[in-house]
Amino acid sequence: MIKMFSPKQNCWFIRKVVMWRAVASIAWSVLLLPVTTAVFVLLSRFRLFHPIQWISECIHLLTASSTIFSLVLLCGVVLITGLFNLEFYTLVPSIPCSRMALLGTVLHPRQCVHSLVYCSMGMLMMWCASVTIGGRYSTLGIPCRQSESGEVVACLNEYHLFLLLAGAFMGYSHSFLGVVQNMYYVSFQPIQQYKYPRFKGCLSMVVKCSVIQSLYSARNFAALYFFFGYVPKTWISSTLHLQIDSSVQPLDSLTGLLDFSLLYHLSISGSFLYFTWYLTVLLFRIYVTEAYSFPVQSTFTEDAEQCLPKVLPWTNSLVMKFLALQDLALLSQHSLSRRLEVFSLSQPGGHPHNWNAISGECLSLLSELTQRLVAHQDAVASNGRVKSQSASSDTRSASSSSSVVSGTEDITESPRLSVPLRTPGSVFRSSVGGVHSALTAPFTPDLDSPFSSPAIRRLVGQQEPRSPWFGTVQSPHVMRRGPKLWSASTESQSNSSPPASPATVPSPPAADQKPSFLAQWLQNRREQVKSFLAKRVLIVFLFNKLPEASSQALFADSQAHIWALQGLSHLVAASFSEDQFGVVQTTLPSILSCLVVLLEAVDRHFKLPHASSKPGRTICSMGDSTYKTLRFALRAALKTAIYKITTSFGEHLNAVNISTEHRKRLQQFLEFKE
């Protein structure tokens, strides 16, 4: 059992790095808000044939008190959006395996609160936009004259109501697409860039996505208002005692919606709304995924816990682990001085502690992925049926014997492999402020949800005893049989030795006991209900598994494995000329065997249905879909890692003590036949 580090040791990275990055992203979003507001004012008051009057009106409007008050409200909206980004973002995407699981995620109470808050923020931003536009959109109530008596009364301004309801609709659309398109998934860029070049390169994409999403939302809301617009209009007019002006064309009609000025202002306001939210998302992603350099070794004892060999095995802070693996991949390629620190020996003692910790963690991650793939392949091969106990024991004995032959017994038998990569619920779990505080919230989905994905529960290590993920087999199709508490000992009976205690008396097997009539009747009725529901088209549509979901869920956290492959392979290749003490040579057989075994498991996985099919291209959206191609990136990184080692060592690999099968596979890489 691994001893978890204390909150005092864990919070240093959150307090010194992550929180400051989140604050910086929110601050830049607030600083850019006046610029985006000025652009919105210019577009909303646009007059092609009166440019001087247009510019003078915009300047006067930007200095008005109403605009300044709207900017204050928009700053509050940006602040809430930044806090929601910190609360809901994750480094491992939640991939629902069926449409019912996706529906359960959308209807989860936590997501419903999120949608309600975004609806409120959308209405608030649309109110600011309508006040800024002015004219017929400025207020909810306007004076009008009744046709019968000629008396001036307060009437409902449907144009203002139309924009407010559109803001609520766009807020819910943003919250809904955040779940469907995995907008809260933060991915790391394969090519490192500074913050400003990356922001400048992504700015055009943000503008394009904002305009496209605004047009889609305007179209959908116009159609929705055409059929159901009279409901909120009647309710608000009766609640606020506002009359409906019969002389004005209602907007829930075809002629009312075919208003170019109304649709233009709706699209411009929606683009401003989405751009404000998307810009906050983009800045948050840029700041959080910025590379962080961990020291390899420290002179002072109090800073030892912040060094790379100590940080890599920690699983309670996923963002720190990902950044540590990214730093390992970067130092292995671009930093000679830091590589020499990895290959150095401890003083006094002369032990390669740095290399042992780094290589051990990388091999642990790769071995865990191998076990996950093998369990999934066994489940698919057995078609969901549980293997017999003898077959599973034979498989375990065969795997253990092969690992001894290949020299990887220290990897496969390590107790650390029973603890998977904790993603994403372990992030900030032990930070200050409690589990549900603002410091512990980021990157942490709701694990107590009945609709949460089993892949997420498996990744965070939260397993139930009756779950298919319980134990070492991590496949949703294979159920682990629990160990038998007692077994009949024929040897003790032959020796006529009495039982040690009454508790050791064997009970009759469950198969010999005939089930009762009630249990048999309930079982038959359950099977009849299952067969009836299996024939319903809607039930099959909701509960059928999505084609690529299981394959994507297996490789959801593969970015960590890609960095482990890159860091390990480049360090091993560099050790051929830089390792003065030969610390890498002791673990080279284990590394080669681990890579070859993982390559065989990946090759077998790509032979499964839908595993090798690439996802289709989607429309422009801020949802990050790079997780859909992580399995292809992992396979390429794995082959590149093996090629990196074989080209560096060449024929010297023939002297490494590995099994014959692994040597034959490596020979194909030496001959460039892979």
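Every residue gets a Cβ built from N, Cα and C, even glycine.
Because TrEMBL annotations are produced automatically, they should be read as predictions rather than curated entries.
Features reported for this protein in TrEMBL:
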- 61-84: transmembrane segment (TRANSMEM)
- 116-139: transmembrane segment (TRANSMEM)
- 159-180: transmembrane segment (TRANSMEM)
- 201-228: transmembrane segment (TRANSMEM)
- 262-284: transmembrane segment (TRANSMEM)
- 384-423: region 'Disordered' (REGION)
- 388-406: compositional bias 'Low complexity' (COMPBIAS)
- 483-512: region 'Disordered' (REGION)
- 487-498: compositional bias 'Low complexity' (COMPBIAS)
- 499-509: compositional bias 'Pro residues' (COMPBIAS)
Open item on the list: Under 8 Å between C-beta atoms and at least six residues away from its ends: which parts of the chain pack against the transmembrane segment (159-180)?
Closed with: 88, 102, 105-106, 111, 114-115, 118-127, 129-130, 136-140, 213-214, 217-218, 220-221, 224-225, 229, 232-233, 236, 251, 262, 265-266, 269-270, 273-274, 277, 621, 623
Task: Same-chain residue ranges lying at least 6 outside the transmembrane segment (61-84) that approach it to Cβ under 8 Å - done: 22, 25-26, 29-30, 33-34, 37-38, 41, 45, 114, 117, 121, 124-125, 128, 131-132, 134, 276-277, 280, 284, 438
- [ ] Mind checking which residues of the chain, 6+ beyond the ends of the transmembrane segment (201-228), have their Cβ under 8 Å from one of its Cβ atoms?
- [x] 162, 165-166, 169-170, 173, 177, 193, 251-254, 257, 263, 266-267, 270-271, 273-275, 278-279, 282, 286, 619-622
Task: Beyond the flanks of the transmembrane segment (262-284) by 6 or more, those residues with Cβ under 8 Å of it - done: 22, 25-26, 28-29, 32-33, 36-37, 40, 43-44, 74, 77-78, 81-82, 85-86, 89, 122, 125-126, 129-130, 133, 137, 159, 162-163, 166-167, 170-171, 174, 183, 186, 199, 202-203, 206-207, 209-211, 213-215, 217-218, 221-222, 251, 622
